Amino acid sequence: MGGRGRSRTQRKHFRHNRENVWKRSKPDSTQQDDGTTTTTTTTTRDPGWEPFATQNPAFDDYYKEQGIVSAEEWDVFVEVIRKPLPAAFRINSSSQFSCDIRSQLENDFVKSLQAEAADGSEVEGIRPLPWYPENLAWQSNFSRMQLRKNQTLERFHEFLKQENEIGNITRQEAVSMVPPLFLDVCPDHFVLDMCAAPGSKTFQLLEMIYQSTEPGSLPSGMVVANDVDVQRCNLLIHQTKRMCTANLLVTNHEAQHFPSCHLNKNCANAFENGVAMEPSVNQLLFDRVLCDVPCSGDGTLRKAPDIWRKWSVGMGNGLHGLQVQIAMRGLSLLKVGGRMVYSTCSMNPVENEAVVAEILRRCGGSVELLDVSSELPQLVRRPGLKKWKVRIDDGRRRQGDGRRGSPVTGLWAAMVAVRDKGTWLSSFKDVPKYRTAGITPSMFPSGKSYVDTPNNDHDPVLEEKHDNDCDGDSANGSEPKKDPESLTDVLDEELSTLPLERCMRIVPHDQNTGAFFIAVFQKLSPLPAIQKKPSSLLRQLKSNTNSHPDEVANVENQDTNGVEIHSEDVTDEKLPDAAPEAALLGNELEEVASDTDTNKMSEENELEDIQDPVDKEACSKVGGGKIKLQIQGKWRGVDPVVFFTNDAIVGSIKTFYGIDESFPFTGHLVTRNSDTDRVKRIYYVSKSVKDILELNFNGGQQLKITSVGLKMFERQSSKEGSLTQCAFRISSEGLPLLLPFITKQIVEASPIDFKHLLQYKTIKFTDFVDAEFGEKASQLMLGCCVVVLRKVDRSLSDPPQVDGSTIAIGCWRGRTNISVMVTAIECQEMLERLSVRVGTGNGSKLLETEQSSVEPGELKANVAETIEDAEIIEVATVS
């Protein structure tokens, strides 16, 4: 790049992606001369390619020495981690059909798959995870080949794919479900997921927020999901949009630099339409923080076997500093009394217990490591380690498949390879001077640093790095500390006196899962000011006459209100050269360092100051060489978040659909287009998200928001849509929230007509089985309407009633017909759900999802024999 580019390497720049070695090559069928067909397995790989060997001598040596399992268990441990990981999934507890899905699994698939196993096949069946509440999480031992083996398994596979796409279930590794459970989330909590992508844990947190939420209402809590990589943010958004939630905010920041987003001193009042208002929130703090940090990932070997050849000790060593920074930042954003879960999918104690110990040392008695051994009693877990060692490897990655490793670049690699060819270190005093830049005291159990005194250059003297160790131990309920010098003299290796046995290690062979590490913290008081304020930055801002007053106020108030900013938290810690790929994991985006007065900057200076590579990509030239640039506060290249205040459009929507005045509209509608007259989509946000957006606007837009809100209305762009009184239709995502408040453009359909709408998508008014329904539908105004499945003992003349079991779909009332505005897979899934509620017998006949040859115009003549079956459905939908 010649020094011209400021962006850091992104994941998308890696040439090779992970490959699933458990996949088999697709068969290739060829026609022979005699007319027979033979099937051969072909591959598109290089002739010399071979599957990754599921072994690595360096891995075995490292974890045998660390003692993560006993010597007697080692063979069983290794045998299990070399096998493919069983598939697992979780039922969305907030879904309208969660009980139906669980019942279908328990009464249909479990029994049918057990019957297959009784016939002598290799099918082992599915089972609920015993430690997950309410049988909402399940594990399947089927491979992809087995899922296609027979009709029963194929049906189960299609069921998983369909329900996952709809959002009724989430396919997620079993151990990945554990950390959110220990957060103890309540519906009124503000929750931060610091490293959220790909989003399965965020989805789980949203489910907890939505516990016991009534139809038409929203919880008072919210979830902020953050990730450093904008591409992974897109994956996160795709995953969580299946939840259809107005209580989610997705941001794009480095976790260790996540902004505190507090109200400036000179901004005492918030303003709305020119009227001063008292701000609802003065600072963004959280009741719960999930700190699932970037790690070496060797706990996922069973699902990502390519890690076998990539693994090296340098990966864990290189990420330790970043993990400490992220965890400390999470604690600083946590409210006093709040709970934070620190977790990794690594087995390395340098990434796990060493990070936890350093957190306790830095925080002293302000943070407690909780003992949660009594929670989730059926989850098999092991206590954290009290002692471990640090290994420094040579300049090459040792790989188990015999292939040559990628050398560290330059003369430094040659020096490292000569000086140490794999050395175990029991204490920081053993670290060679040339490795102290990458190996820090916090990696060792005691956390002590050793310095050479001027009087004796050869005798190391123990230096107390942290004066509050004893206070931290007593606050966490540990025994009084022994003298560290005598302790290291008696033992060959250090032993931590902190209560690290309260941490949890999940190992694969205990419950046939992956590996995971979890530690639960509770904040007892504001964190101590470990480092001084960045006074040099403050002096520089004050001396600069062009500095904005808000910038000076931000620096002066960095450690107020319980949010402590440490110098380590705002600088990048140098990672050792021995782990170049690991360093890239934690340094993928470089954010804008400070606010500037953009009104005084020219367009050229604005573009030069863009440090975010994503922002650079968003800059594009249009006709005449003029730069067109989306701006969200100081974040260039990001669509703005704007409160929608077009009274004319809002009024037309409320009038057309007869939306009750009790539904909160004011301040809850946002768009991503500053030109409110040309918006295509209008999003709805909960009160909690609304308060944070207002805080962000008044605090200088410190949050870089990539997604916010529930899509509620969409502009109808068709020619027929321009003829309607309301240009916006209700989206399928927003319909469940708005449904209890709609009084116009809504009609109830009989089960048979509802089924036909889902099946045929478009039906003329005269072709409905219930002539009264067809007449009433024809009296609706042209445009979007809502069709509700009528329940038992209700006539068409009764006004629609909405509760938790109500089933409704968005439709379009055309000139002569009603058309469904729901995707094909949603129609299919809704038909399946109705079929499950009815069960077997005549009712299932009515809800067959296969397309028949009967056209809508012939429905009346052929439906007489199914009228009685419709009553069965009416009874079933009430349950």
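Just so it is clear, glycine is given a Cβ too, placed from its N, Cα and C backbone atoms.
Residues or ranges marked as region 'Disordered' in TrEMBL: 1-56 (among others).
Annotation comment: TrEMBL describes 1-16 as compositional bias 'Basic residues'.
The annotation compositional bias 'Basic and acidic residues' is assigned in TrEMBL to 17-27 (among others).
The domain 'SAM-dependent MTase RsmB/NOP-type' feature in TrEMBL is assigned to 77-524.
A C-beta separation below 8 Å, combined with a sequence spacing of at least six in one chain, links GLY199 (S-adenosyl-L-methionine binding site) to ALA225, LEU235, LEU236, ILE237, HIS238, GLN239, THR240. Here TrEMBL flags CYS195, ALA196, ALA197, PRO198, GLY199, SER200, LYS201, ASP227, ASP292 as S-adenosyl-L-methionine binding site.
Taking all protein chains in view, 25 other C-beta atoms sit within 10 angstroms of the C-beta of CYS345 (active site, nucleophile). Taken from TrEMBL, the feature active site, nucleophile covers CYS345.
Residues or ranges marked as region 'Disordered' in TrEMBL: 444-487 (among others).
Sequence annotations record features per position, and here TrEMBL assigns compositional bias 'Basic and acidic residues' to 455-469 (among others).
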Within 10 angstroms of CYS345 (active site, nucleophile), Cα basis - binding-site residues out of CYS195, ALA197, LYS201, ASP292: ASP292
List of residues, in chain order, with Cβ under 8 A from that of ALA197 (S-adenosyl-L-methionine binding site) and at least 6 apart: ASP227, ASP229, ARG232, CYS233, LEU235, LEU236
Max CA-CA distance, Å, over listed S-adenosyl-L-methionine-binding residues CYS195, ALA196, ALA197, PRO198, GLY199, SER200, LYS201, ASP227, ASP292: 13
Close in space, distant in sequence - ASP292 (S-adenosyl-L-methionine binding site), Cβ under 8 Å, 6 or more apart: PRO179, ASP193, MET194, CYS195, LYS201, VAL341, SER343, THR344
Averaged pLDDT, computed only over the residues in the domain 'SAM-dependent MTase RsmB/NOP-type' (77-524): 82
